[in-house]
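Here is the structure we will look at, set down as structure tokens.
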């Protein structure tokens with residue numbers, strides 16, 4: 001009995017998520033899947049569990065081809081996935097959530113008694129009986145992840161995919177997960193385990209498949225290689241021609257421009273501090289969802305009042321409008337949601353901040369568009385008629401016309417092509433060189449290495465679980481260092497007490 | 001005391017409070033309430049209560065339905081026209097009901113299977129249904145045998161009136177449905193559609209069922225309304241759709257889906273009904289009636305939303321418990 005994945009590919013539009021992935025997992029095997037951001041791990045998991053369809057390739061189990069049209073179909077075949085985003089319903093109780101995929105009935109009615117027993121059984125195994133009867137919205141994040149796992153296990157999976165579940169768990173929770181995994185293993189269940197915590201992978205998994213840029217690079221028995229060897233496999237050789245490593249200016253002195261001592265990171269209930277120098281570009285790296293976006297939004301007034309020091313003066317930013325009046329700009333990588341006004345034309349999109357917030361006219365919209373090398377027919381066409389890269393240039397242009405002093409950019413080059421990317425990098429560098437500052441998140445470490453080498457003063461901050469795990473400057477800025485800080489080896493999850501202190 | 005606490009913490013509590021207060025105000029204004037007055041109140045407002053149930057169900061799964069009022073109009077003209085053609089009352093009413101259910105299924109198919117936004121779909125279909133009603137009966141008029149009204153006002157067991165029975169029937173169907181796995185899945189869907197899909201829930205099927213049930217409630221509402229007015233009008237239900245949504249919100253149903261229940265919606269619709277009759281009875285000039293009614297409605301909606309606020313709720317609870325302890 002084995003799960004075979006042959007040449008599976010998946011692309012979203014022009015973006016390739018998985019490229020000819022291959023993998024064979026035997027029954028009773030726990031397989032780790034390792035890879036960096038955007039390497040296709042989660043997409044592969046979604047394809048196997050029927051959440052998204054593949055474009056080509058074949059998946060078979062026991063020699064029978066599996067081609068699920070929906071998660072419902074996959075569940076019938078006992079292929080279950082626990083999701084990184086969680087699939088729990090906050091308005092239902094723990095036991096309702098655990099059993100929702102397969103509710104017991106009696107004369108057509110939901111058999112609540114049996115449902116409770118079923119949930120109690122599984123929660124007992126996980127030492128979480130105290131959660132019975134609570135609403136999911138009342139649970140702490142780590143408890144929610146445990147319930148998510150319980151919900152999967154109650155469906156008696158033959159193939160179980162655990163996607164990044166342990167990254168939110170404490171050590172004692174992980175021990176329970178470990179026990180459950182070995183129980184399932186004995187029953188012959190196939191487990192795919194996606195995680196970034198190497199220590200856990202060594203403890204729980206038999207073998208590991210490395211993914212890089214959507215490809216499966218290789219499969220090894222887990223004990224065969226050291227952490228460093230796996231790390232270099234994940235990074236691989238450079239694909240895009242970025243230049244910058246080793247070209248950074250050595251730690252030069254910077255004039256402090258802005259300082260924030262108490263920046264809330266709501267996702268992790270932590271606080272961080274940040275100093276921004278004049279003319280500096282700060283790159284923020286880290287695995288997805290480790291508090292990077294929170295950090296920027298907090299500085300922009302997104303989570304309510306925040307006290308900062310700007311040019312040595314104490315300033316309070318209450319909301320985005322005040323942030324703009326202090327000369328802050330916020331550029332999001334999620335153009336559709338936070339960037340463009342899709343029903344408006346280029347000029348209107350370009351002048352949104354200047355006219356609507358600052359009540360000034362833009363002297364020459366055409367000049368701005370040309371300076372940014374936007375490819376367009378005429379200024380009055382809808383912004384949606386442009387390619388993603390050109391749309392993003394207009395969003396950036398909107399802020400440039402407002403002459404910002406600090407630009408906060410959340411993965412601004414997500415999903416845009418290399419040329420547009422280079423153009424944007426140049427614009428950012430120009431802004432920094434004029435004595436302003438740019439703080440930029442990127443899921444692409446290469447990009448951060450490259451852009452920070454373009455100005456005199458720069459640093460890269462790496463975030464992990466809501467904390468800054470490293471601040472790299474000068475020649476320390478390279479991909480290996482960023483990668484290592486984003487996935488601290490032997491990162492020991494904090495004890496519950498310590499985490500709660502932070503909350504206070 | 002424990003029971004009291006339980007009631008206060010329910011999401012429908014504000015609507016219950018409003019209902020009781022305004023019922024009392026009405027009693028004072030009318031110098032006491034007679035049984036016949038309450039009966040007539042129920043008779044005229046059962047259609048609104050039915051629609052509140054129907055719309056609540058669609059809101060619970062994260063959708064909405066603003067076409068129910070038009071379905072009521074359509075049912076009304078269908079029944080009157082058929083009766084005018086010589087069909088018996090029973091057959092006319094049953095065909096009217098069938099039309100409503102078909103309208104509901106159609107909404108459900110467009111929303112559930114073609115995945116069009118519920119608000120847009122029902123906005124479009126409300127125009128379609130209202131259009132068909134106008135087509136069938138361009139001018140208000142027509143009449144139906146008085147036996148229909150008699151059946152409606154009469155009681156099956158002497159004192160229980162037909163409208164109450166019909167309401168109980170609708171409540172019973174829904175209460176039964178949510179005790180099957182369908183119920184939990186509907187609430188789950190209302191909470192988050194993507195997660196519901198990932199959990200293997202038949203999202204499309206639930207949406208179709210829910211809109212079918214909403215169609216059924218509109219059909220019952222149409223029958224009740226026709227029996228009350230005993231004539232046809234193609235625009236009779238026009239204002240009922242949004243009133244029913246307001247009733248649901250006052251009854252503690254979250255417009256985001258997944259929270260609340262039909263019990264609250266019924267209380268909310270009851271409050272709105274009493275509010276209307278108070279405003280009419282208070283002899284305000286006809287020009288200011290709408291303004292005053294709207295103002296009170298707004299206050300009601302705000303009150304019920306504020307009551308969803310946990311902090312505020314705890315405060316109210318505290319007051320309630322103190323009061324209870326003294327007595």
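Here the Cβ of each residue, glycine as well, is placed from N, Cα and C on the backbone.
Per TrEMBL, transmembrane segment is recorded for B:12-29, B:41-61, B:68-87, B:93-112, B:119-137, B:149-175, B:208-229, B:262-284, B:290-308.
A Cβ distance under 8 Å defines the sequence-distant neighbours of the transmembrane segment (B:262-284), meaning residues of its chain 6+ beyond its ends; these are 10-12, 15-16, 18-19, 22-23, 25-26, 29-30, 41, 44-45, 48-49, 51-53, 55-57, 167, 171, 174, 243-244, 246-253, 292-293, 296-297, 300, 304.
When Cβ distances are compared across the two stretches, the transmembrane segment (B:119-137) makes contact with the transmembrane segment (B:93-112), since 3 or more pairs at least 6 residues apart fall below 8 angstroms.
As a quick check, the transmembrane segment (B:41-61) and the transmembrane segment (B:68-87) clear the bar of 3 or more Cβ pairs under 8 A, pairs 6 or more apart, so the two touch. Using the rule of three or more Cβ pairs under 8 Å, pairs at least 6 apart in sequence, the transmembrane segment (B:208-229) is in contact with the transmembrane segment (B:149-175). Against the transmembrane segment (B:12-29), stretch B:290-308 shows more Cβ pairs under 8 Å than any other of B:68-87, B:93-112, B:290-308. Same-chain residues lying 6+ beyond the ends of the transmembrane segment (B:93-112) with a Cβ under 8 Å from its Cβ atoms: 63, 65, 67, 71, 74-76, 78-79, 82, 87, 118, 121-122, 125, 129, 148, 203-216, 218-220, 222-223, 226.
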